[in-house]
Structure formats: C-alpha cells, structure tokens
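The structure appears below as structure tokens.
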Amino acid sequence: MEHIRTTKVEQVKLLDRFSTSNKALTGTLYLTATHLLFIDSHQKETWILHHHIASVEKLALTTSGCPLVIQCKNFRIVHFIVPRERDCHDIYNSLLQLSKQAKYEDLYAFSYNPKQNDSERLRGWQLIDLAEEYKRMGVPNSNWQLSDANREYKICETYPRELYVPRIASKPIIVGSSKFRSKGRFPVLSYYHREKEAAVCRCSQPLSGFSARCLEDEHLLQAISKANPVNRYMYVMDTRPKHRMQSWWATQKDIGRIIVRISSKIWNDEKIRESHEQKRLNAMANRAAGKGYENEDNYSNIRFQFVGIENIHVMRSSLQKLLEVNGTKGLSVNDFYSGLESSGWLRHIKAVMDAAIFLTKAIMIENASVLVHCSDGWDRTSQVCSLGSLLLDSFYRTIRGFMVLIEKDWISFGHKFSERCGHLDSDPKEVSPVFTQFLECVWHLTEQFPQAFEFNEAFLLQIHEHIYSCQFGNFLGNCQKEREELKLKEKTYSLWPFLLDDQKKYLNPLYSPKSQAVAVLEPNTVSFNFKFWRNMYHQFDRTLHPRQSVFSIIMNMNEQNKQLENDIKDLESKIKQHKNKQTDGVLTKELLHSVRPESPTLKTSLCFKEQTLLPVNDALRTIEGSNPADNRYSEYAEEFSKSEPAVVSLEYGVARMTC
Amino acid sequence: MMFFFLFSVSGNASTPEFKKKKNSECLLRLRHEGLLNSCPAGVASCPASSCPFRSPRSPRLKLLESALLLGPRPTAGGMEFSELIRTGRAQAELLRGPGAPPLRGTLCVTGHHLLLSPGPQATSDLWLLLLRSVDSIEKRVAGDSGTITLRCKDLRVLQLDIEGVEATLDIARSIEALSSLESVITSFPFFYRPKGLRLGDAWHFHPPEHHYKRVARETNAWRLSEVNEDFSVCPSYPRAVIVPRAVDDDALARSARFRQGGRFPVLSYHHAPSGTVLLRSSQPLTGPQKRRCAEDEELLRAVLAGARPGARGFIVDTRSAQAAKQARMTGGGTEAKAAYPGWKRLHRPMERGRPLQESFVRLVEACGDLEQSMDRWLSRLEGCRWLAHVKEALSTACLAAQGMEREGACILVHGAEGTDSTLLVTSLAQLILDPLSRTMTGFQELVEREWIQAGHPFQLRCAHSAFSHARPKHEAPTFLLFLDCVWQLGRQFPLSLEFGEGLLLALFEHAYASPFGTFLCNSEKERCLCEVRTRTHSLWSGLNQPKEQRKLRNPLYVLNPLAIWPSVEPQSLRLWQGLFLRWTRPPEPSEAAWEKVWQIVTDKEKTEGSQPTVSASEPQP
C-alpha cells in the first residue's frame with residue numbers, strides 16, 4: 001500500500017482513557033492495509049479497522065513521546081503515545097489516508113474474502129427477499145398492487161425498483177405526484193397491517209412552496225385513504241418540528257414582502273432587474289420552492305400532524321456534545337447529568353419513539369392509514385416507519401425479521417448510509433447518527449420489554465459495528481440504484497448470513513414469542529424510562545461495564561437445559577431399546593450412571609472463566625475487568641503509597657487529598 | 001422525643017353495628033394475617049363485644065415506663081387509641097395508582113391499620129395498610145364526599161374517595177393522629193402475632209458472640225469485651241464488642257470518654273487474607289485545646305501491633321478536613337497526627353443529615369412527575385444529587401476496602417457521631433471484600449451487626465420518609481443510601497449476591513414501617529428496655545420463611561470468592577428504578593422476565609436432578 005510508510009512501531013504506550021494518572025500499557029503497534037493493531041505486553045490484541053476511524057489527532061509533543069488520539073465511529077477512543085515523533089507522524093499521515101477513501105472500490109468490502117464461493121455468496125444475498133416480505137404482509141391484494149413505474153429508476157432514483165401503491169393509482173397520477181415531491185419520492189407503501197387493513201406509507205415533502213398544489217398528488221393521497229376500507233381518514237405525519245416549519249413560514253412572509261418591495265422598485269426603475277437584490281430574491285424563492293407541507297384545505301380526508309424530530313445537523317451536534325461529556329476525565333455525577341441534558345440526545349430519542357407510537361396508535365386505535373414524511377423522506381421517515389412497524393409486528397422483533405426491517409425501510413428506501421456514515425471522504429455535513437438513533441430506540445424497547453425480542457443487545461451492537469465497517473456490501477452506497485451500479489452483489493458479501501451463522505451469540509434467552517401481551521408493543525415514554533446507553537457509547541471502556549453478564553449465564557443455562565433434555569430423550573430411547581432387548585433393569589440403571597459424568601454442569605462457572613480461586617498474582621485476584629486499579633478510586637492508591645509526610649506539611653497534604 | 005400512651009381495653013365499646021357476616025369475614029382474615037390478638041384499638045373499633053381481641057393490659061407496662069425515662073408522660077393517666085379514632089367506618093373507593101384496579105368497600109380505621117373490606121360481590125381480598133407507613137395525608141372535600149390522599153413511607157401514593165364529608169374528616173384526623181404516634185411499646189410489632197412464627201425466634205441469629213467466633217478462628221489478637229454490659233460505657237453500642245486483646249476494659253472505658261457518645265474504636269471486620277482489620281468509632285473529643293487520651297492512642301497502637309507485621313493504619317474521616325477542623329470548636333475533632341504514630345488521616349467528605357434527606361425528598365418529587373420533559377427530568381435528577389451521594393459512598397467504601405486488601409493497612413472509619421456515614425462505609429466495604437456477607441444469611445447478619453446493633457438510630461432516621469411535610473429533625477435516608485449502593489453492586493455483579501432486589505426493597509419498607517420489631521428503637525439499650533426481643537417478632541424469621549424466598553433470592557447466584565470492585569463512574573451508576581419508580585410504572589414486563597429467569601434456573605436444577613433451592617411450585621404473589 002502506497003500510504004503506509006511505517007508498518008511497525010515498538011514501545012508504544014496505550015493510555016487508559018479515564019485514568020487521571022498516566023497509567024499505560026506498553027506494546028507494539030502494527031499498521032496493516034486494513035487494520036491498526038496494537039499488541040500489549042500481555043499479548044492482548046486491539047484491532048482497529050481503518051474504516052472505523054472517525055478522526056486522528058496528533059497532540060503536542062510530551063516528554064514521553066508524541067500522543068496520537070484516534071476516535072472511532074463505534075465510539076472507541078484510543079490514546080497512544082509513540083516514542084518518536086517521526087513514527088507518529090508517519091502513522092498519523094497513513095491513517096488519515098487510509099481512513100478516508102475517495103472511491104467505493106477502495107473500501108474493505110471489495111477486498112474482504114470470507115472464503116465463500118460464488119453460489120454461497122449469491123445465496124447470502126438472496127437470504128432476505130423483500131417481495132416475500134410484502135407477501136407476508138398481505139400485498140399485493142385487492143387494494144394494493146406492485147407498480148412497475150420505477151422499474152428503470154426513471155421516476156425516482158433513490159427508491160427501489162419495486163414499489164407498492166394503491167391499485168386505483170394510475171401511472172400518470174404517480175408520475176405527477178413524484179414531480180411534486182422532493183427528489184421524486186412520491187407516497188408508497190412501507191408497511192401493510194393485514195388485520196386492520198391500514199397502511200403505513202412514506203414519501204418526501206411536497207414542493208408546495210407558497211401555495212402550489214398538485215392534483216395528482218392529491219389524488220394519490222386520496223387513493224391511499226380509499227385503500228383503507230375501514231377508515232377513510234388518513235394521517236399525514238410531518239416528522240419535522242412544527243416550530244421549524246413555522247419559522248420557515250415566517251421567512252416566506254419576509255420573502256413576500258421583499259417581492260412586493262422589489263416589484264415596486266422594478267415598476268419604478270427597470271434597471272434594477274439585474275441588481276444584486278434580484279439575485280438574492282431568486283435564490284430565496286428557489287429555496288422556498290423546495291419546502292413545504294400539505295395544506296389540509298387541499299387534501300380531502302387528511303389529518304395533518306407535526307411530530308418534532310430534529311434534522312440531521314441537530315442530531316450530529318447533539319451526539320458530539322454527548323461524546324464530549326462522556327469523554328471527560330474525572331466526570332462527576334452532576335456534570336454527567338447536566339451534560340446529558342444539554343446534549344439533548346435522550347430528548348431526541350424520545351421524540352423518535354413518540355412519533356412511532358403516534359403512528360402505531362393511529363393504526364391500532366383509529367384504524368387509519370398513515371403517511372409519513374420529513375424533508376427528503378430518507379432519515380426521519382425511515383426511523384418512524386421502521387420503528388412503527390417494529391411496534392406493530394412481532395415478526396420484526398425476531399432476528400431474521402429485524403434484518404428484513406432494515407433491508408426494507410432503510411436500505412431499499414434509500415437511507416443514505418454512505419453519506420450518513422461517512423464511508424467515503426465526502427461532505428462532513430452529511431454525516432449524522434440517524435441509524436444509530438434507530439438502534440438506540442430499539443434498545444430502549446428491549447429494556448422495556450425484555451421478553452419481546454428474539455435478539456439481544458449484542459446483535460444491535462454488531463449491526464452498528466458493520467454499518468461503519470464497510471466489510472460487507474449491505475450498507476455501501478446511498479440507494480439501490482447506486483448499489484447495482486457498484487455491482488455489490490458480485491463483488492462483496494452480505495452481512496446477514498454471517499450474523500445468522502453466529503445466531504447463538506445474539507439470542508435473547510428470555511424471549512417468549514407466544515406471549516400474547518407483546519403482540520403490539522406500547523412503550524411508555526415517560527422521561528425516566530430513557531437511559532444513557534452505556535454499552536453503546538462506552539462499548540470499549542470495559543472498566544465502566546457490569547462485571548458479570550446475566551445474559552451469558554442464562555444463555556448458558558438455557559443451552560444446558562436443552563442439552564440435558566436431549567440427553568434425557570436419548571437415554572429414554574436407549575432404555576426403550578434395551579427394554580425391548582432384555583428385561584433386565586439393572587443394566588439401564590448402570591447406563592444412566594455412565595452418562596452422568598458427561599453432564600455439562602462442569603461448564604457452569606462461565607463467569608469465572610478468567611479467574612482462578614488461588615490468588616496467584618494480582619490480575620487473578622478479581623474478576624477480569626474488576627480490579628481496583630481499573631476504577632477511578634484507585635487514584636487514591638497514590639495517597640496510600642506516598643511516604644509519610646512531615647507533620648508540618650500534613651495539612652497541605654490533606655487539603656490536596658480532599659480537593 | 002418519645003412518650004407513651006397508655007391504653008386500656010375496657011373503654012369505649014359503643015361502636016356502631018356491623019353486619020355479622022362481614023364481621024366474621026373480617027375476623028377470619030385478621031386471624032389469618034396474624035393480627036388477631038392485635039391492637040387494643042382494634043378492639044375498640046371492632047364491633048362485637050365478644051371480640052376475641054381482648055387481652056389484659058400488660059402489668060409490665062407501668063414498670064417499663066418508669067424504667068424508660070425517655071420523655072414526658074401523657075398528663076392524664078393514660079390515653080386510649082379509641083379516643084384517637086373518630087369514626088369506625090365509611091364507604092370508600094381506593095385508587096392504588098396505575099396497574100391496580102380500584103377497590104370499593106367499607107373502610108375501617110383500627111389502632112394500627114386501615115382496613116378496606118370489599119363488598120360481598122367483590123372477589124378480591126381484604127385490603128390492609130399499616131398506619132405507621134403513612135407518611136403524609138391530604139384531605140379534600142367536595143359536595144357530600146371527600147378525598148384523602150395517603151403518601152406512604154414506601155413511596156406509594158394511595159387515594160381514598162370517601163362518602164360523607166364528616167366521615168372523611170374524621171377518618172383523616174384519625175389516620176393523622178394514629179400514624180404519628182411515637183410510642184414504641186404501643187406500636188404494632190408488640191401486637192403482631194403471625195401464624196407459624198414463634199416469639200423469640202431468630203432474635204439470636206446474630207449475636208456479637210457469633211461474629212467473634214469467626215474472628216477468633218482467624219486471629220488471636222482480638223477479644224470479646226463485655227465492658228458495655230449495662231450500656232453505661234456507650235449507650236449506642238451492643239453489650240459485647242470486639243476489641244484488641246492487649247487493651248483491658250478500664251482502658252476501653254477511658255477511651256470511650258474521649259470519643260463522642262462513648263463510641264470507642266471497635267472491630268467491624270477482620271479481613272483474613274490480608275490480616276488487616278476494619279474499625280469504626282466516633283470522632284475523638286480533642287476540642288479546641290487539642291486534648292489527647294493515652295488509652296485511645298494505646299488502643300489504636302494495639303490494633304496495628306495485632307495486625308500483620310509492619311501494617312500501617314489509615315483513618316478514613318467521612319468529613320472534609322475543613323469540617324473536621326471546625327468540629328474542634330464544638331468539642332470534637334480528629335486524631336492528631338503526632339499522637340497516633342503509624343496512622344494517617346484521609347478525608348472523604350460524605351453528605352449526611354438534612355442535605356441527604358432533602359436530596360431524597362427532591363428525587364422522590366422528581367420521580368412522581370410523569371409529565372415532565374426530558375430536559376426537566378435530567379436536570380432534576382442532577383439537582384437532587386442522590387446519585388452523587390451513591391457514588392461518594394461507594395467510592396469511600398472502595399477506598400477503605402482497597403486500603404485493606406491491596407495496601408495491607410488497617411482502616412478506622414469515623415465521621416462525627418459514627419452512627420451514619422461511618423456504618424455506610426464499613427458495611428459496604430465488607431460487602432466488597434467478604435464473600436460471606438454476600439450470601440442471604442451473611443447479608444442479614446451484616447445489617448443486624450453493622451446497622452441495628454451498631455446503633456444506627458432507625459427510630460429517628462426513619463421517622464419520616466420523603467413525603468412528610470413535618471419539619472425534618474433527625475430524619476436521614478442513610479440506610480436507604482446503603483441499600484441503593486448494594487443494589488448498584490448487585491447490578492454490576494449480578495451473579496455475586498445471593499439475595500435479589502426483593503430483599504433490599506423489603507428492608508427499605510420494614511426500616512420505615514414494619515410489623516416486626518427488628519428496626520424498632522435507636523440502639524440495643526432502648527431495645528432492651530422495651531423488651532423488643534421478647535415481645536416482638538424478628539424480621540429475619542419473617543423473611544426466612546420458605547414462601548418468601550423466591551421474592552428475595554437471586555436465582556443466578558454463584559459463590560464468588562473474590563473481592564468485587566464496582567465501577568463508580570457516573571455512566572455506571574443508575575437510578576434504582578425498582579425503588580424510586582416502583583409505583584409509577586407498570587412492573588409487568590420486568591416481573592415476567594424475572595419469572596422466566598426463575599423458570600430457566602429451576603428448570604436447570606430439575607433436569608440436573610439436584611436439589612432445587614426453592615420449590616418451583618411456589619406461587620408468585
């Protein structure tokens with residue numbers, strides 16, 4: 001690789017992120033074509049994928065060396081100290097190059113080879129079939145049909161080829177509507193509720209500007225509401241905050257005033273036509289034309305509703321603030337909560353959740369169809385539609401169903417993964433944690449409904465990992481058309497089969513699918529139900545985590561139970577066989593005993609894997625990760641080891657200690 | 001201040017008629033609840049004259065009264081519960097918050113309880129509330145009915161809609177009067193006689209001798225001293241304490257005179273692997289003249305001499321250096337460096353007293369508001385500072401534990417009085433270090449030894465909970481803070497504690513209001529004088545009944561022989577929702593999940609053929 005100048009640096013120190021003393025691990029740093037690897041003196045390896053690197057920072061030279069801080073998109077933060085500045089500089093430059101690729105073809109997915117042949121690869125890609133999914137929902141049916149309008153991506157480039165629309169919506173209506181909607185994203189079916197016969201549809205904002213109307217669009221919405229035989233009224237959910245749209249209206253009025261002023265000027269003076277003011281006016285008028293929401297007067301049978309989810313820029317800076325607060329050394333409880341509050345992150349999560357609940361209620365209680373949109377209909381709309389489907393349909397709460405959900409509402413409907421995740425070196429303003437928020441909402445649901453989901457937290461974290469890893473093709477590109485052009489299905493692998501192969505790791509042992517109570521989830525969004533997701537944002541800060549995992553132990557027990565049950569069955573069948581052969585009961589008894597020693601009870605102590613009972617050395621005296629030295633109160637250990645101060649300086653020593 | 005109401009059974013039987021059927025129903029239920037030879041006021045308000053509640057007035061009561069010179073006696077030779085009960089019963093509807101359906105029926109106030117017996121058509125059981133657990137009461141009348149809002153010490157909020165204005169006001173007044181009685185020996189534990197338990201059971205589970213036996217097995221440097229036999233040396237210590245073998249009882253008595261409240265340094269825990277000890281005491285009375293006490297110094301020197309050779313000592317003062325210095329003005333202070341060679345002071349300021357109580361009140365207030373925005377909630381969570389106290393307590397305990405386990409040093413913990421934050425630190429440090437204290441019995445022993453016998457003034461600290469409008473005097477949720485810290489430990493080490501959240505919740509409830517005698521009074525001395533041990537039931541015998549176990553135990557427990565070092569970062573600490581939000585959110589999903597865990601575990605035990613610890617057929621209440 002042309003970017004790598006130094007492949008190996010020795011005597012590199014890895015600092016503990018939260019320690020206020022400069023405690024460090026010493027080891028060797030390796031730079032490969034795809035990963036940065038640190039191996040410490042205990043032979044523990046830390047792998048960092050280049051694509052995960054969000055930023056690399058070289059701090060001012062210190063006496064011990066040159067500090068290099070790497071922030072990752074999966075919220076890992078590592079702080080190296082490289083002894084020689086030249087090495088540090090080389091690595092810094094290499095990482096800058098390697099973490100920001102200009103072309104899709106340079107991403108890891110195109111070189112990743114999991115040793116599968118082509119047919120296996122193809123089967124992997126065919127694992128999730130959306131046509132099958134729509135069939136499961138119950139479409140096409142008498143009211144909804146598959147439209148071939150976008151078969152060649154002619155109407156909307158960011159939509160998939162196959163779209164479901166009301167049967168009575170003709171092609172001209174669709175085409176007309178798409179011209180009236182931002183980026184051509186006209187209203188299409190996202191989820192169909194079979195029992196209620198109500199639909200969740202999605203689109204982008206109408207380009208209504210001041211007061212423009214579009215009859216085709218109005219017809220299409222009418223067609224959607226007519227496709228619901230029970231309730232003719234439908235909800236139109238604008239997921240943007242009302243106040244923002246109102247301030248937009250205010251600027252509209254300003255523009256109106258300017259126009260009046262300019263027109264009068266034009267009237268007076270023809271020369272003004274080419275003036276600066278005229279140009280500005282045009283720009284503003286253009287911008288105005290690109291925004292809007294449905295006017296209830298023009299559309300029959302709609303109820304318009306704002307739900308306040310902020311835009312991608314607000315979300316990006318909110319997460320940034322959150323991470324800043326959490327990264328603080330010696331963070332106090334009060335700073336943590338005031339930081340959590342001022343970042344607004346949980347408020348945004350709650351807003352997304354509330355929107356999804358609104359959608360669910362509209363369908364379940366009022367039996368009404370819902371049309372969801374934001375501006376372009378690929379960020380907030382995806383969040384609300386997918387979360388709403390998750391609340392409504394228990395299928396999406398299974399491992400495979402969750403994959404389908406992501407494929408449907410995020411990948412196929414053109415959530416711009418590559419731009420939002422910054423896969424390539426592109427506009428940083430397009431980066432935003434929209435999908436992360438969706439995962440966090442799902443996590444909050446798993447916390448509130450511990451038995452409703454087939455998967456566990458590790459599954460969500462793993463998906464989050466691969467959104468950014470660029471190791472698999474699923475999330476590359478910004479829409480289906482782009483993915484086809486990149487020939488991802490021929491050149492890269494799909495993530496899903498790999499997750500399914502590892503399914504055991506992601507199973508929720510408490511999952512009880514038959515429980516009637518969890519058919520439709522009705523989460524409670526009282527503020528105190530929202531918690532900071534430590535396992536996401538501090539995934540790699542092991543010292544902050546619970547020291548023992550309930551999940552792993554229950555999983556283990558479940559496994560054992562199953563195995564024991566199988567053993568019992570085995571034995572019973574053997575007993576039967578034996579009874580057929582001979583009526584001597586003694587032998588069967590012996591048989592039972594002979595199997596006993598293989599009983600998996602011996603494997604129980606999973607949680608103590610890393611420890612021995614005999615305190616051989618320091619590291620073995622506690623559960624791994626739970627060492628007083630790993631925790632912040634260990635800073636006081638210095639007080640312990642300090643030599644006795646003279647009586648005179650005692651007061652000083654005490655004062656320092658307590659401050 | 002405590003004072004006594006005498007009661008007599010003979011009085012007032014002129015209560016209105018009660019339907020025979022309902023009456024017998026009520027009695028049956030009462031008998032079942034073990035309330036039978038219960039409350040004298042129950043007698044008063046209880047209808048039938050042939051009521052089997054009658055029990056002769058204890059002749060010992062007078063004696064006790066004279067023995068307990070704790071406060072002014074009521075002027076008129078005695079007072080009757082029945083005088084406090086203004087009305088027997090009324091028709092009412094009870095609203096129990098989200099999740100529980102409303103109950104309609106006949107409301108009845110007795111000496112210790114509020115009863116609601118549903119009409120004959122209702123299938124549900126008699127509803128019963130210990131009046132002692134009412135923290136605040138609010139009444140409103142409108143038209144010809146009234147509403148009483150009861151805020152309980154366990155943070156429950158109940159609403160009673162009562163027919164009749166007069167009845168409402170009377171019932172409210174009765175509850176108000178009866179729930180604030182301060183007398184110990186007329187309190188409910190003295191009348192509670194549950195089925196299946198014998199008086200005197202379990203009171204001798206955890207005597208100091210028991211603890212000493214364990215220490216003596218590990219080291220020879222300590223002895224059990226009975227210098228406090230008659231509570232004259234230290235009124236808040238138990239009869240027997242563990243002290244260095246090299247120090248005789250006279251020296252102890254003199255050291256006691258040098259410590260506030262006579263709380264001289266005693267052994268709290270011996271950490272066998274490192275050969276070090278954890279001690280607790282109160283502040284030394286150095287005063288502005290910087291007084292010294294040779295025996296006290298000798299005592300601490302003997303501690304170091306008895307520990308592993310070359311051991312140093314650390315005095316963890318739970319006040320700031322500033323506060324400790326200021327305490328000198330009022331006669332307190334800290335150990336002077338020069339006087340205690342080998343010992344070094346560390347100051348870890350911890351909140352106590354009123355600020356802690358205010359913190360608790362504000363947190364509960366915040367948790368009761370369901371409508372608040374996210375920002376408001378987070379800022380209130382921050383503003384109440386409760387989690388900051390949790391962090392402070394845990395990290396100070398970790399510091400003490402670390403000093404022993406890692407540094408091989410002896411640790412003496414004290415604040416000012418040595419009955420609050422001191423106990424918090426010593427008990428938590430033991431949980432961190434000692435695998436035995438993490439078992440069901442070990443933890444009960446720890447609470448008994450480090451809180452009840454060590455003289456945490458429960459009666460004063462837990463007189464009111466977070467809802468009371470009364471001006472706080474001595475109230476402080478120190479014990480609750482301890483339970484919260486234990487909960488945090490349990491969350492970080494979900495397999496290492498043998499008990500579950502259920503036990504912690506039960507302890508919280510019983511500390512504030514209980515039919516058992518365990519948390520009564522402020523010290524062993526008072527408990528002795530009130531004959532708590534012989535005349536009330538012990539909470540431990542109540543909790544250790546097999547039917548309670550499934551609620552209290554942690555099904556995932558595996559003995560962990562190691563120290564458990566928690567993370568004290570704010571990101572790792574969490575609000576104890578199971579306690580603070582217990583009544584405001586529907587608990588079903590998490591309870592169902594817990595049930596499932598039990599299923600998996602018991603299933604495992606069954607298939608393995610080993611003896612299940614708890615029978616799986618036990619129904620969940």
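Cβ from N, Cα, C; glycine included.
What TrEMBL annotates here:
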DOMAIN    A:124-537  domain 'Myotubularin phosphatase'
BINDING   A:N311, A:I312, A:C374, A:S375, A:D376, A:G377, A:W378, A:D379, A:R380  substrate binding site
ACT_SITE  A:C374  active site, phosphocysteine intermediate
COILED    A:554-581  coiled coil
Name the residue among the binding-site residues A:N311, A:D376 whose Cβ has the smallest number of other Cβ atoms within 10 Å. A:N311
Determine the Cβ neighbour count for A:W378 (substrate binding site): the number of other Cβ atoms within 10 Å of its Cβ. 26
Hey, for the substrate site built from A:N311, A:I312, A:C374, A:S375, A:D376, A:G377, A:W378, A:D379, A:R380, who else sits with CB inside 8 A of the CB center? A:S204, A:T239, A:T381
For A:C374 (substrate binding site), the number of neighbouring Cβ atoms whose distance to its own Cβ is within 10 Å equals 26
Let's check the environment of A:R380 (substrate binding site): how many other CB atoms sit within 10 Å of its CB? 28
Max CA-CA distance, Å, over listed substrate-binding residues A:N311, A:I312, A:C374, A:S375, A:D376, A:G377, A:W378, A:D379, A:R380: 12
Mean per-residue pLDDT computed across the coiled coil (A:554-581): 79
Simplified DSSP label at A:W378 (substrate binding site) comes out coil
